[in-house]
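First the structure, in the form of structure tokens, and then the observations on it.
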């Protein structure tokens, strides 16, 4: 519940209030008592006591008209649509929605310890490590790209890396109702660009890495803009953890100089001194030997990042150790074995940098033929297509099958051809993803060989023309073709 007086107070304090406009009259205050028992940005979810946010570049007046027909009596907007109900006019609808949602749900962020991860890659894995560390002796909730849990028992698929602010604070409130003590979440650059976490301060923020990604017409116009929005997490955290090996580390180091911080990686005190496939040793604040199920040194580095963050939250080394040993992540380096001994690796690697690291890990363990099944999503991250080609060109013996990966409103054949245009040798294009995996499964001969299925991980859908069409998932499809 929230009153009109409280809403106006919030907006005025944030210098985000213009006026209330009703029947061509302007109001700085509203003398009538009005209470809202629901918030919505979806015109299909409206009741008479709902406060509606008219937001988005594609918003149309007919959406508002539909909401008014359903009983809407007040809305918030940057634009006066000339409707027959009062409008609270603001300078920034996204800021308004975040702060009003925060208050509506009784400031749940103050009742949880908040841990956030940002980075081009590794956010989900690091979040899972932290979740398992905290779970040993606490009650963490988690919002991740892969899965969300608000009670530690039931999990559901997330549609955005970081939810819309209204949904975010509703989820936090549910976690509080479920007596959760901590919230682990991923914070994307888009979350700051679209102000989904506006006004939110995290107890610990972690910056894992940075490389060009999410650059395109509907995302970030330049790498500089992408990097800037990533760094905003540092300015909105009470303590930070940063990878000293990341590109452009110096500016981040300067930015966090006066914030309590820990660095990890080769240029810090917190460093891996010994790395095996399923164990590693760390010196520094986390000094110990750790068992780990996820192969690859980059996963060990993600574990260190999560461990340092949890240490800041009061988690013991023993709980950190147990958490790392227990962590698995759906769609991250999941391994199957064909009857001929060849390995199939299913991984979410979905940009050039993560593909590069995935190939390095697989090639370290598999010395025979390696077949890569790969695609790129439509209508976002166009720069990935060239990045994939550049990485593939560094592996001349890699056999490549290009396929569909969430083509959305683009033609998957055109996407595949664009990737192929950046590759300096012939590749195979099989648009049907299951058919591509089936074809790859016929190309192995012995235990030294491997198939890498990259991009979708555990996603049990294909995004086609705006819809989430059913798809068994790469792991389930691969299981059909183990006999060789």
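Just so it is clear, glycine is given a Cβ too, placed from its N, Cα and C backbone atoms.
Range 405-408 is the one annotated as motif 'L-lysine recognition motif', of 401-404, 405-408, 409-412 (source: Swiss-Prot).
Counted over every protein chain shown, other Cβ atoms within 10 Å are most numerous around 125 among the binding-site residues 120, 124, 125. Same-chain neighbours of the ATP site beyond 119, 120, 121, 122, 123, 124, 125, judged by a C-beta within 8 angstroms of the site's C-beta center, are, in sequence order, 117, 126, 186, 208, 209, 302, 354. Listed in sequence order, 117, 144, 145, 161, 186, 188, 208 are the same-chain residues at least 6 apart in sequence whose CB falls under 8 Å from the CB of residue 123 (ATP binding site).
Taken together, the residues of the motif 'L-lysine recognition motif' (405-408) have an average pLDDT of 97. The Cβ of residue 230 (N6-carboxylysine) has 118, 119, 189, 192, 207, 210 as same-chain neighbours under 8 Å, each 6 or more residues away in sequence.
Long-range Cβ contacts of residue 122 (ATP binding site) within its own chain (separation 6+, distance under 8 Å): 208, 209, 298, 301, 302, 305, 354.
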